[in-house]
Amino acid sequence: MAKLHHLGFPRIGNKRQLKFALEKFWGGELSEQQLQTSAADLRQQNWLDQQDLALDLYTVGDFSLYDQVLDMSFLVGNIPSRAKQSEQDNSLDNYFRVARGRSQPQECCAASHGQSGESQAGEMTKWFNTNYHYIVPEFDAQTTFLLNAKQLLLQIEALQKINKNVKPVIIGPVTYLWLGKEKDNSQKLTLLPELLEVYAELLALFAEKNITWVQIDEPILVLEIPKQWQEALQSSYQKLGQSKVKLLLTTYFGELKNNLKLACELPIAGLHLDAVNAPHEIDSAIDYLGTDKILSLGIINACNIWKTDLNQTLNQLLPIHQKLQDRLWLAPSSSLLHVPIDLNNEDKLDYEVKSWLAFAVQKLQELSLIGRALNDGLSSVEAAFTYNKLCIENRRQSPQVHKQDIKSKVLNITPELGQRNLAIKQREALQQSYLNLPSYPTTTIGSFPQTSDIRQLRQAKRLGDINEEQYKKSIKESIEFCINEQDQLGLDVLVHGEAERNDMVEYFGELLDGFVFTQFAWVQSYGSRCVKPPILFGDVSRPKAMTVEWSSYAQSLTEKKVKGMLTGPVTILNWSFVRDDQPLQTTCMQIALAIREEVLDLEKAGINIIQIDEAALREKLPLHRSQWQQYLNWAIAAFRLCANGVNDKTQIHTHMCYSEFNDIIAAIAQMDADVITIETSRSDMVLLDVFEAFSYPNGIGPGVYDIHSPNIPDVEQMVSLMKKAALRIPAEQLWVNPDCGLKTRRWEEVKPALLNMVAAAKKLRAS
C-alpha cells in the first residue's frame with residue numbers, strides 16, 4: 001500500500017487571517033496571547049481540513065508566524081545579539097525584531113528616548129527559485145546554539161489530539177548553515193558539530209513524544225554544492241541517523257544529479273524526490289536506496305496551480321508501485337506554501353479556466369485520488385479520473401488559450417528590435433543635457449503608501465459603488481497629492497505613486513489579454529506580505545494603453561521629470577502562475593511585445609524617463625549553474641525587446657530587488673538599461689563588491705535604506721552607505737533612492753525617511 005503525506009501546507013489562512021492578526025499585533029491592537037490563539041486556530045483548521053483526505057501522516061512544524069528559516073534560528077538558539085532586547089531570548093519581541101527591525105509600535109517611543117527599541121532587521125532573500133523570502137541566518141565566531149523546542153512540541157501535542165500519525169518537519173542542519181551568512185571571517189561549516197548536538201537533542205525529544213517519522217529538509221541537495229558540503233551531509237547523517245526516530249530526508253525544486261547517489265546512501269530511513277521536475281531520477285534512486293528504505297515521490301506539482309494529469313501520473317506510478325509496494329510514499333513535490341489554499345473559494349472565476357486549476361486543497365485531493373487508484377484499483381475513482389481527462393483535453397484545445405496572430409508576432413522578432421541607436425556613454429551625455437539632473441539625483445522606486453482610502457476606492461470600483469468617472473477623479477487627486485509631497489520633499493525625479501495599482505504584476509495582468517484573476521488566491525511572500533499572482537493561461541497581448549493616462553497627468557502637474565512605471569516581462573512571468581503548455585521563453589516574448597507597445601506610447605505622451613521593473617529577474621535562474629546561461633539569454637533578450645525602440649534621450653530605468661546579482665552582473669550589463677536601482681541596504685552595500693572587479697558603465701542607484709523595516713533611516717548612515725558605493729562605482733553614475741517601493745509603509749514613515757534621504761544627497765553633493 002502506497003502511503004500519502006505532504007511536505008507542508010499554506011499557513012496564511014484562506015482569508016489571510018494570519019496577515020491581519022500579525023498587523024494588528026504589530027499595531028498594538030492584539031496581545032501576544034491573542035496572536036498565539038489566532039495562530040493555533042489556523043493550525044487546527046488546517047489539520048481538520050486534511051482529515052478527509054486519507055493521509056497516512058500529518059505534518060506539523062510547517063506553520064510559522066513569519067518565516068520557517070527564522071523559526072529554525074530561534075529553535076536552535078541562533079539569535080543575533082542586537083535583537084536580544086527581551087530577557088527571554090525566544091520571545092516574540094526578539095523574533096519580530098530580527099524579522100523586521102521592530103516588534104510593536106511602542107518601541108518607536110522607546111527609541112526616541114534613547115532606548116534600544118529598534119535594531120537592524122535581518123537580511124531577507126529568495127527561497128531557492130520561488131517568490132517566497134526567508135530571513136538569512138547570521139553566523140560569526142561567537143555563534144553558539146541552544147535548543148528551545150517548546151513551541152514546536154506544543155504544536156505536536158495539539159496535532160496528536162486529532163491524529164496520532166504525526167510527522168514533524170524541520171530544516172536540515174546542512175541546509176540551515178548553507179542558507180546563512182558569516183558576519184565576520186569565520187567559516188560557518190565549523191559550527192556544524194555543535195549544531196548537530198542540538199539536532200540530536202531535538203530528535204530525542206521527538207522520540208519521547210512517540211514520533212516515528214521526522215521530515216528533515218535538505219533542499220541544498222538540488223544545488224551544485226562543493227565537496228566539503230557533501231562531506232558535511234555525510235557526517236551529519238552518520239550522527240543523526242543513530243536517533244530513535246526514522247528520518248525522511250526531503251529534497252525539492254529539481255533534480256539531484258551528482259548528489260543523487262550521495263542522498264540515497266545516507267543512513268536515513270527514506271528519501272523524498274521531486275518527481276515532477278526529475279522523473280528520470282526515479283529508477284536510479286530505487287537502485288541506490290536498496291531494499292529497506294522508503295522512496296517518497298513528489299508527484300503533484302506544488303509550485304503551480306494547474307490540474308495534474310491523473311491518468312498520466314497513474315501510468316507512471318504503476319510499475320514503480322509494483323516494484324516498491326509499501327516502500328512507496330506519495331506527496332506533492334514540495335511544500336504547498338507556494339500555491340493558494342482552496343479553489344472552492346473562487347466563485348467568480350471563468351468556469352472553463354477554473355476547470356483547469358488545482359490549489360493546495362485540490363492538490364491533496366488529487367494525491368488522495370492517485371493513492372486510491374494505486375491501492376484500491378482505478379475502478380474506485382474512475383469517475384474522477386474521467387472528469388480529469390476531459391479537463392486536461394479541453395485546456396489543450398481551447399481557443400481562449402491559443403491565438404495565431406500573437407504566435408506569428410513572436411516568430412517575427414528580430415535581434416534589431418532589442419538594440420538602442422547609440423552606446424551607453426553617448427546616450428548618457430545626451431540624456432544629461434536633456435534632463436539636466438544634479439549629481440546624486442534622488443528618486444523613489446515607484447509606489448507610495450497605499451492608504452486605507454486608496455484601498456477602499458479600488459474596492460468601491462470593483463463592487464460598482466462608484467462609476468469610472470468618480471474613480472478617475474479620486475485617483476487623480478491621489479496623484480496630485482503624491483506629486484506635491486515629492487516636490488516639497490525636494491526629490492529630483494518624481495513618480496505618480498501607483499495609487500491605481502493593487503499589485504505591480506496584477507495591475508498589468510488585468511489589462512493584458514491572456515490573464516485571469518482570482519478573489520482569494522493569496523500566497524505568502526514574506527511575513528504578513530501576501531501576493532495574489534495573476535493566472536497567465538493563454539497567449540498574451542495588449543488591447544490598449546495601460547499607464548499613459550496616469551503618467552501623463554502626473555507630468556502635467558510638475559516641471560520636474562516624472563518616471564513612467566512599468567513591470568518588465570520577466571517579472572510578470574515569474575510573479576504569475578504561468579501556463580505550462582509552452583516554453584517559458586515563448587510566453588515571456590509575448591509579454592515583452594505588449595510592454596514594448598506601452599513604452600513607445602509613454603514616450604509619445606512626453607514621458608522621457610521610463611522604469612521597467614525586473615525585480616524578479618533572478619528568481620527563475622535554474623538551480624544548477626550549468627543551465628543559467630540559457631535562461632539569461634532569453635530573459636535579457638525579453639527585457640531588451642520591451643525597452644528599445646525609443647529615442648536615445650529617453651532614459652530607461654530598471655529595478656531589481658532581493659537580488660544577489662554578483663554572479664550575473666555581466667548579464668545585467670547586457671540589459672543596457674540607462675539606470676538600474678537595486679536593493680543593497682540590508683547587506684550594507686556588500687552586494688556592490690562585484691563592481692570592484694567589473695566596470696559597470698551605466699547609472700546605478702544602490703538602495704540607501706530598507707523599506708521593509710518601519711525604522712526611519714539616519715542621514716549620516718545613508719551618506720556612509722553612498723560613500724561606500726562611491727568606492728566601487730564612479731560618483732557621477734550614482735543615484736540615491738530607497739531600496740524598494742514604498743507601498744507598504746505609512747506616510748508618517750515615508751516623509752521623514754525621504755526628507756533624510758534628500759538631505760543625504762545634498763550633503764554628498766557638497767562634499
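Backbone N, Cα and C define each Cβ position, glycine as well.
What Swiss-Prot records for this protein:
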- Lys126, Arg529, Cys530, Trp575, Glu619: 5-methyltetrahydropteroyltri-L-glutamate binding site (BINDING)
- Ile445, Gly446, Ser447, Glu498, Asp613: L-homocysteine binding site (BINDING)
- Ile445, Gly446, Ser447, Glu498, Asp613: L-methionine binding site (BINDING)
- His655, Cys657, Glu679, Cys740: Zn(2+) binding site (BINDING)
- His708: active site, proton donor (ACT_SITE)
Of Lys126, Ile445, Ser447, Cys530, Asp613, which is closest to Cys740 (Zn(2+) binding site) if I measure between C-alpha atoms? They're all binding-site residues.
Ile445
With an 8 Å cut-off on Cβ-Cβ distance and a minimum sequence separation of at least 6, pull the same-chain contacts of Glu498 (L-homocysteine binding site), or say none.
Gly446, Ser447, Phe448, Met504, Tyr507, Met565, Gly741, Lys743
Entries of Arg529, Cys530, Trp575, Asp613, His708 which, being recorded positions, have CA atoms within 10 angstroms of Cys657 (Zn(2+) binding site)
Asp613
List nothing but the one residue from Ile445, Cys530, Cys657, Cys740 whose Cβ has the fewest other Cβ atoms within 10 Å; the candidates are the binding-site residues.
Cys530
Between Trp575 (5-methyltetrahydropteroyltri-L-glutamate binding site) and Ile445 (L-homocysteine binding site), how many Å separate their Cα atoms?
18
List only the single closest residue to Ile445 (L-homocysteine binding site), chosen from the recorded positions Lys126, Cys530, Glu619, His655, His708 by CA-CA distance.
His655
Given the recorded L-homocysteine site (Ile445, Gly446, Ser447, Glu498, Asp613), which additional residues of the same chain have their Cβ within 8 Å of the Cβ centre, ordered by sequence?
Thr444, Val495, Met504, Met565, Gln611, His655, Gly741, Lys743
In the structure shown, which of the binding-site residues Lys126, Arg529, His655 has the fewest other Cβ atoms within 10 Å?
Arg529
Give the helix, strand or coil assignment DSSP yields for Ser447 (L-homocysteine binding site).
strand
Report, as a single number, how many Cβ atoms besides its own are within 10 Å of the Cβ of Asp613 (L-homocysteine binding site).
25
Neighbour count first, Cβ atoms within 10 Å, every protein chain included; then name which of Glu619, Glu679 tops the list of binding-site residues.
Glu679
If we take the residues Lys126, Arg529, Cys530, Trp575, Glu619 that the record assigns to 5-methyltetrahydropteroyltri-L-glutamate, their largest CA-CA distance in Å comes out at 18
Taking just the CA atoms, what is the gap between Cys530 (5-methyltetrahydropteroyltri-L-glutamate binding site) and His655 (Zn(2+) binding site) in Å?
20
One should report the C-alpha separation between Glu619 (5-methyltetrahydropteroyltri-L-glutamate binding site) and Glu679 (Zn(2+) binding site), rounded to whole angstrom, as 14
If one measures from the C-alpha of Glu679 (Zn(2+) binding site) to the C-alpha of His708 (active site, proton donor), what distance in angstrom results, rounded to a whole number?
11
I'd like the Cβ neighbour count for the residue listed as 'active site, proton donor', meaning other Cβ atoms within 10 Å of its Cβ, all protein chains included.
23
